[in-house]
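What Swiss-Prot annotates here:
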SIGNAL    1-20  signal peptide
CARBOHYD  Asn37  N-linked glycosylation site
CARBOHYD  Asn102  N-linked glycosylation site
ACT_SITE  His216  active site, proton acceptor
BINDING   Asn246  Mg(2+) binding site
CARBOHYD  Asn351  N-linked glycosylation site
CARBOHYD  Asn381  N-linked glycosylation site
Amino acid sequence: MHLQLNLCAILLSVLNGIQGAPKSINSKSCAISFPENVTAKKEPVYLKPSNDGSLSTPLQPSGPFVSLKIGESLAIFCPGDGKDVETITCNTNFDLASYSCNKSTSTDTIETEEVCGGSGKVYKVGFPLPSGNFHSIYQTCFDKKNLTPLYSIHILNGQAVGYHLKHTRGSFRTNGIYGKVNIDKLYKTQIEKFNKLFGPKQTFFRRPLNFLSRGHLSPEVDFTFRREQHATEMYINTAPQYQSINQGNWLRVENHVRDLAKVLQKDITVVTGILGILRLKSKKIEKEIYLGDDVIAVPAMFWKAVFDPQKQEAIVFVSSNNPHVKTFNPNCKDVCAQAGFGNDNLEYFSNYSIGLTICCKLEEFVKRNKIILPKEVNNKNYTKKLLKFPKTRNKEGDKKVVRKRAKGA
């Protein structure tokens, strides 16, 4: 396999007295340090052999280091390069040069025949494996008729939170799903559209904060590798969201979910969806808001359901997508305080200009809003227990949000 050599792409070295190496790693092993040692822009996929010998398990860190025992192997795979897989083995003379792919990061989108959400189909976003199987980074339930994602679902690795690789965001892609609709242009020309709809003096949509941004459903920072983060830059993984909310309480919700996964130190399942259509009143007439011509509806609310598969517990965060009103009705009782998200968040979650936000019990939210959950979490046991933040919580998500998203994120 002729992979482009890049000495700083990934450092795998024998841990003989390396400073800062965890004590749990044997001195006769090889280690990958995240994110410092994985710097290749044209990043390969790192695969660990499965029990049956097939290369069907993408590597995921279980902390700042991934260790290989002497004799263990790791495969370097470049989807779409059409080249063989390179197998590398950890040994006592381990001095491995790093590799990067010949082609830039790419992912595929596969439309399945599986119906979801009542009016959508399941789309898998990921890449093919050497085994012939397709590895899904996340899945989206997408309503192709109305060009609207109903929800996305992905796994958040709690042991990898905080060790994601730095990724420079690229352009959002349609992968041909939106047909002749130029969604990128619709976002860029939205102010002109709404000036025509409400008049040139309208105040519903104005920059720098009161405009519609591409609101991620499965957020890029929930993923470790650049290829995974790049995969989130799909329009089917976004819905129009006010920028003030996108970088306000919705970002705070995303931070809370990552904090929760980090404290639990295990995989959690995250389902993120939209609810209703935003209605704005002008001259006593309410109008439903669309980014396009009766397609790409602007949601009234965004919701994020978090599931602990081991304990079968769940919680739902719901945020208003209207920074102009002081109330909203998600049809469920606020249980933020009961779940451990209470007093610290009151100042922020009650601020309508950055997105009114509450926490809900799954059963109440799903039943009253007639939400059809994906089959992976459509288990009645989840409706019985509220997922709470442990008392030894990391309060990073409670602090004022200072991390800025990319422009138009």
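Residue numbers in this text run from 1 along the chain shown.
The backbone N, Cα and C atoms fix where each Cβ goes, glycine too.
Shown on the structure are the features that Swiss-Prot records.
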| residue | record | CB count, 10 Å |
| --- | --- | --- |
| Asn102 | N-linked glycosylation site | 13 |
| His216 | active site, proton acceptor | 26 |
| Asn246 | Mg(2+) binding site | 27 |
| Asn351 | N-linked glycosylation site | 16 |
| Asn381 | N-linked glycosylation site | 10 |
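Taking Cα separation as the measure, Asn381 (N-linked glycosylation site) is nearest to His216 of the recorded positions Asn102, His216, Asn246, Asn351. For the recorded site, the residue listed as 'active site, proton acceptor', the DSSP three-state label reads strand. Distance between Cα atoms for His216 (active site, proton acceptor) and the residue listed as 'Mg(2+) binding site': 9 Å, as a whole number.
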